[in-house]
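Student: Dumping what Swiss-Prot says about this protein:
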SIGNAL    1-27  signal peptide
BINDING   Glu58, Asp59, Cys97, Asp306, His307  Ca(2+) binding site
ACT_SITE  Cys97  active site, nucleophile
MOD_RES   Cys97  3-oxoalanine (Cys)
Amino acid sequence: MLFLRFKFFNNRLLFVSVLCFVICVSCKREHKEIKIKGEKATELKLPERPNILWLVTEDMGAYIPPFGDSTVVTPHLSKLAKEGVIYPNLYSTSGVCAPSRAAIATGMYPSSIGANHMRTNSFTKERGLPAYEAVPPSNVRMLSEWLRKAGYYCTNNYKTDYQFKAPVTAWDESSPYAHWRNRNDDQPFFAVFNFTDTHESGLFEPYGLREIETRLYRAGDTTYQWKNYGASHANNRMSEAETPQYLSKDTKFNIPPYLPETDLVKRDMWKLYNNIGEMDNQVGAVLQQLEDDGLLENTIIFFYGDHGGPLPREKRLIYDSGLNTPMIIRFPNKLEAETSDPQLISFVDFAPTLLSIIGEKPKEYMQGQAFLGQYKNKERSYIHAAADRFDAETDVIRAVRDKRFKYIRNYRPEQGYYLPIDYRERIPTMQELLRLKAEGKLNEEQMQWFRDVKPEEELFDCKSDPFELKNLANNPEYQNKLVELRKELDRWLTAIGDDANLPESELINKLWNGSNTQPVTSDPKVSINNGNITISCDTEGASVGYKIVTAGNKTSKTWHIYNGPFKMPLGSTLEIIAHRIGFKPSKAIQISTSDL
């Protein structure tokens with residue numbers, strides 16, 4: 001679907017949306033400036049303490065109509081874009097989910113807190129290492145905990161994957177049933193819904209949507225029994241015949257030049273877009289709930305992906321195909337509707353921005369900057385990214401990008417780009433690439449990923465070379481830009497304390513302060529004075545959560561954050577857990593009023 005906009009002499013805007021209900025025969029993924037009404041105004045007047053809704057999808061490149069790709073119709077996202085602002089220059093800090101989600105949760109770069117390897121709790125045993133968690137500084141809290149402290153009801157539905165176990169204080173609810181509808185009526189909310197439809201595993205064969213992807217967000221429906229809650233992504237698939245089809249299998253796809261145009265690849269492209277169609281359907285279900293509740297114009301709605309696309313040579317890499325993900329924000333009363341904000345935005349900017357939106361000053365430890373709200377910063381000049389271990393395979397790459405150029409530093413130039421990652425090799429396109437490589441049938445652009453070695457430095461003009469295939473690092477005409485971005489990368493590495501060459505074993509030793517075992521949060525201590533309960537914990541930076549079970553056996557529906565002394569009803573029982581991020585949580589302590 002293409003958006004056409006015209007401005008008339010009476011300054012009224014006519015929005016004409018051309019919906020393609022007939023399957024297009026030559027759909028094309030555009031890599032050009034989006035034709036829209038104009039750029040967003042410098043300042044936005046936002047309501048005080050608005051509700052905030054995040055709609056987060058996985059493995060999402062710019063494969064949707066608001067960003068120039070009309071292959072599959074997405075009526076709900078297209079409407080959201082029509083009523084909101086599109087952000088074409090959002091970049092994840094990594095080309096894979098867990099490190100990127102760590103950045104979102106903390107406002108810190110993954111490589112500054114030990115969250116840069118994919119994942120900290122898997123594929124370590126095979127390398128003779130223990131499973132571990134990222135350990136940020138002691139003053140770091142999850143973004144949602146800061147919002148809870150500010151009075152927000154915070155829900156997550158339901159993926160976490162932060163590279164550390166979330167403290168009980170992080171969310172009011174985190175489950176497939178988590179929903180803003182469970183809050184007190186007078187309470188603002190921050191609600192996160194994670195859509196898994198577009199994950200790379202959705203390209204595996206046999207194809208079919210999984211139960212986790214067909215729920216249409218049954219949040220709040222506690223009578224529904226989940227078959228797949230907590231189980232493998234791949235379980236409980238419907239057959240392909242049962243799976244809804246959002247576009248014809250005969251659709252002609254604009255396949256990126258780094259992939260071959262074979263029937264298997266075309267089928268994966270069809271699955272990719274079909275999954276987007278289902279994701280859009282689920283987004284629409286959540287938005288309908290918001291509208292049904294009369295909350296649409298009191299809520300700032302974010303839609304974005306957790307990194308770039310799912311295909312080989314996209315996910316896990318720090319080319320734009322792996323980092324760039326579309327974002328749409330709809331503001332109450334359609335403020336700045338149908339505009340684009342071209343500023344560079346990094347995932348580390350989300351945490352300070354949300355605090356800024358609700359009038360809270362961003363925390364000093366946060367390495368990002370606010371791009372909206374009371375504490376909005378001037379636009380950033382660069383975004384930064386890193387790639388390290390993925391499952392059982394390791395590389396070390398760092399990158400910096402401005403609005404046009406990207407600089408990549410390869411710390412292992414003797415090693416090729418391609419890594420034989422078992423999970424990725426379940427994708428038919430990956431199997432096809434390997435088959436054609438073995439047969440000598442890949443062209444020069446497709447073979448670049450399979451080079452035996454790679455240059456120490458790469459420089460790409462992302463405007464003229466959006467697929468990053470032409471390295472300009474040795475071109476004399478671009479030496480000034482090369483030096484500029486090289487210096488910026490060095491500055492960034494020093495600023496965040498990223499020792500790119502640090503072996504993972506030494507990283508773990510550093511996170512654990514020289515110990516061979518993961519640190520444990522001290523058990524909380526409780527005292528009472530004049531009827532007031534006081535809780536403390538000897539572990540610096542530990543969050544303390546508590547629940548009260550009354551004499552009538554009624555339990556708090558959520559874990560409260562301990563902020564200071566409080567009174568406890570007679571005959572009740574107190575359950576307490578202390579937890580510093582990256583440490584193991586304390587034991588759960590239970591104390592009744594009769595014990596005090």
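Cβ coordinates are placed from backbone N, Cα and C, and glycine is handled just like the others.
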Student: Measure from the Cβ of Cys97 (Ca(2+) binding site) and count the other Cβ atoms within 10 Å, all protein chains considered.
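Tutor: Step by step: centre on the Cβ of Cys97 (Ca(2+) binding site), count other Cβ atoms within 10 Å, giving 23.
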Student: In sequence order, which residues at least six apart in the same chain have a CB under 8 Å from the CB of Glu58 (Ca(2+) binding site)?
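Tutor: The answer is Cys97, Asn194, Phe195, Thr196, Asp197, Thr198, His199, Gly305, Asp306, Pro310.
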Student: Using DSSP and three states only, what is Asp306 (Ca(2+) binding site)?
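Tutor: Note: Asp306 (Ca(2+) binding site) is coil by DSSP, not helix or strand.
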Student: Sequence gap of 6 or more, C-beta under 8 Å: which same-chain residues meet both conditions with respect to Asp59 (Ca(2+) binding site)?
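Tutor: Listed in sequence order, they are Cys97, Thr198, His199, Glu200, Gly305, Asp306, His307, Gly308, Gly309, Pro310, Glu314, Lys315.
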Student: Write out, in the order they occur in the sequence, the residues of the chain not among Glu58, Asp59, Cys97, Asp306, His307 that have a C-beta within 8 Å of the mean position of the C-beta atoms of the recorded Ca(2+) site.
Tutor: Thr57, Met60, Ser92, Val96, Ser100, Thr198, His199, Gly305, Pro310, Lys315, Thr325
Student: Which has the fewest other Cβ atoms within 10 Å: Asp306, His307, the binding-site residues listed?
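Tutor: Looking at the binding-site residues Asp306, His307, the Cβ with the fewest others within 10 Å is that of Asp306.
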Student: So, three-state DSSP: helix, strand or coil for Glu58 (Ca(2+) binding site)?
Tutor: coil
